[in-house]
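Features of the protein shown, as given by TrEMBL:
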type    : residues                                  : note
DOMAIN  : 3-134                                     : domain 'Photolyase/cryptochrome alpha/beta'
BINDING : TYR221, 233-237, TRP272, 275-282, 373-375 : FAD binding site
SITE    : TRP307                                    : site 'Electron transfer via tryptophanyl radical'
SITE    : TRP360                                    : site 'Electron transfer via tryptophanyl radical'
SITE    : TRP383                                    : site 'Electron transfer via tryptophanyl radical'
Amino acid sequence: MPVVQLVWFRSDLRVYDNAALTEAMAQGPTIALFVAFRQSWYQHDMAPVKQDLIRRRVQALQQELAGLNVPLLLVEGNSYQDVQSVFEQLLPLGIARVYTEVEYELRERRRDQVLKDWLAVRGVAWWQCDRQCVFVPGSFVNGSGAMYQVYTPFKKRWLQRFAEQGVQVLAKPKPQAPVVLDLPLVTPMQGGNNSSADWPVQQDDVMQQLRHFCQQQVQDYQKLRDLPALDATSRLSPYLAIGAISVRQCIARLQVEAGADLQQANSGASVWLSELIWRDFYKHVLVAWPDLIKHQPFQTDTAAIRWHNDETLFQAWCDGTTGYPLVDAAMRQLNQTGWMHNRLRMVVASFLVKDLHIDWRWGERYFMSRLIDGDFAANNGGWQWAASTGTDAAPYFRIFNPVTQSERFDPDGIFIRNWVPELARLPNQHIHWPHKLPMSKEYPGAVVDHAKARQVTLELFRHARQQGEKSDEST
Ligand SMILES: Cc1cc2nc3c(=O)[nH]c(=O)nc-3n(C[C@H](O)[C@H](O)[C@H](O)COP(=O)(O)OP(=O)(O)OC[C@H]3O[C@@H](n4cnc5c(N)ncnc54)[C@H](O)[C@@H]3O)c2cc1C
């Protein structure tokens, strides 16, 4: 029986800078696999729009791999528990070794461990690389030998290592001789609703988006990145989340285009690099504290907060009918497109937790179920930051005023008018707080009074802290 190498694509849906693919093809004739584990995706609240992006990207990947004479087998799995039965079907192909890139989440790690052991018994080897981050999680420790809990020293260490080692991007492998398979598994992936159609999925288009951002937009990133009405950020997160592009490719392109600007503190290029370092930071945090996957607060005393969890208020937040125009515009954009600007993610997260007093985990879950770029580490990190429960989180008394945020970051109401048509005809001076005008009748009234809600939040946190202190004293 001929022997083949098998690359199992998961969150690394690309042919460039793909160590698993490169290594497999260096070892001999290679085939590739993608499994759609629908039930597990559903259990992880993966948004339909993200599933659709994956489906479209996998189809494009299939063509790109065909150009390398690597057939991509597409299998409709169900849950991770079926993983052995998927591989059972493939063993007759004569697989010598399975190549993968690590996934950091707990269930994925367990799935891989079970499969690795199962394959070993059947004489199939397992090869895994750890390249989701620029530097491998666990390789950075502070003076006490532990992972950093604060971003700034982590970033300093990261930059030091970057200056010493740089980043290495792997080229696309050269085509191999055609591989003939006995199993008719080269099928198109099923399902899909085309809801992600606004996001191109061809490798060249994604690379062009990166190039365009680094050539034309990054200079102004520092100045404009907080304005949601503008297209001033890279919008690469959906691709980074599914691995259609790697973080190393982003940094390498930035180095080429920004040159010396990258060394200037506060240049657009260096601020953008800092955002990519935030991405690494949250992944390192997840690996160091795997219990985060169980949605535990990082700061344990905040577990005692008695969230009000009013379902009617939660529904108003989800639907974008809170009566706070910027919050509502952001939520409606999320519901309709699967996308939300970073500034708005912070505003709506703060509003849910500190104005509506709803458990941050409700928002975290809702985001995952809607975001095209849903990524556990970044989403959990962002929510715990906003809720003041996480590593390097906002202090609990830092409470965004949703109206002031609106005046600062959408001063002319362009973003609001785009997503809240009831307010489209309002003059600028009323767009952020329309409730004084009779013409705003079609628009919902404010569900809470921000000033009062703020006081309640301070009280909730103080109470939880006192509880923590009491239990410390009694131990
Ligand atoms: C409550 C909340 C939830 C979030 N959920 C997610 C999520 O599920 N998936 C996700 O990718 N990002 C998440 N973020 C981070 C951030 O909002 C998005 O990465 C960013 O808006 C994506 O837009 P962009 O690609 O144009 O980013 P750019 O501004 O161009 O930044 C470049 C890249 O850096 C990374 N990045 C930027 N900011 C952050 C950050 N704060 N944390 C981690 N990585 C960052 C992303 O990969 C992003 O694509 C969340 C933030 C908050 C406050």
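One-based numbering along the chain as shown.
Glycine too: its Cβ is placed from the backbone N, Cα and C atoms.
Just so you know, TrEMBL annotations are computer predictions that nobody has curated.
Here the structure is a predicted model, which means the values were calculated and not measured.
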Identify, in sequence order, the residues in the chain of ASP373 (FAD binding site) that are 6 or more apart from it along the sequence and have a CB within less than 8 Å of its CB; answer 'none' if there are none.
LYS50, SER237, PRO238, LEU240, ALA241, TRP339
I want to verify one value. Collapsing DSSP to three states, which class is TRP307 (site 'Electron transfer via tryptophanyl radical')?
coil
Taking only the recorded positions TYR221, ARG235, ASP280, TRP360, ASP373, TRP383, which have a CB closer than 6 angstroms to any atom that belongs to ligand 1?
ARG235, ASP373, TRP383
With DSSP as the yardstick, break the domain 'Photolyase/cryptochrome alpha/beta' (3-134) down into helix, strand and coil residue counts.
64 helix, 32 strand, 36 coil
For TRP307 (site 'Electron transfer via tryptophanyl radical'): intrachain residues, at least 6 apart, with Cβ closer than 8 Å:
HIS357, ILE358, ASP359, LEU460
How would DSSP class ASP373 (FAD binding site) in three states?
coil
Could you tell me which of these recorded positions, TYR221, TRP272, TRP360, TRP383, has the fewest other Cβ atoms within 10 Å of its Cβ?
TYR221
Using C-alpha atoms only, work out the spacing between ILE277 (FAD binding site) and TRP383 (site 'Electron transfer via tryptophanyl radical') and round it to an integer in Å.
18
Given a separation of at least six residues and a C-beta threshold under 8 Å, show me what packs close to ASP280 (FAD binding site) in the same chain.
CYS133, VAL134, PHE135, TRP158, VAL247
If you run the three-state DSSP split on ASP280 (FAD binding site), which class comes out?
helix
Could you check the binding-site residues ARG235, ILE277 and say which one's CB has the most other CB atoms within 10 Å?
ILE277
Sort the recorded positions TYR221, ARG235, TRP272, TRP360 by C-alpha distance from TRP383 (site 'Electron transfer via tryptophanyl radical') and give me just the closest.
TRP360
Restricting to the domain 'Photolyase/cryptochrome alpha/beta' (3-134), what is the model's mean pLDDT?
95
Return only the integer: C-alpha distance in Å from TYR221 (FAD binding site) to TRP360 (site 'Electron transfer via tryptophanyl radical').
29
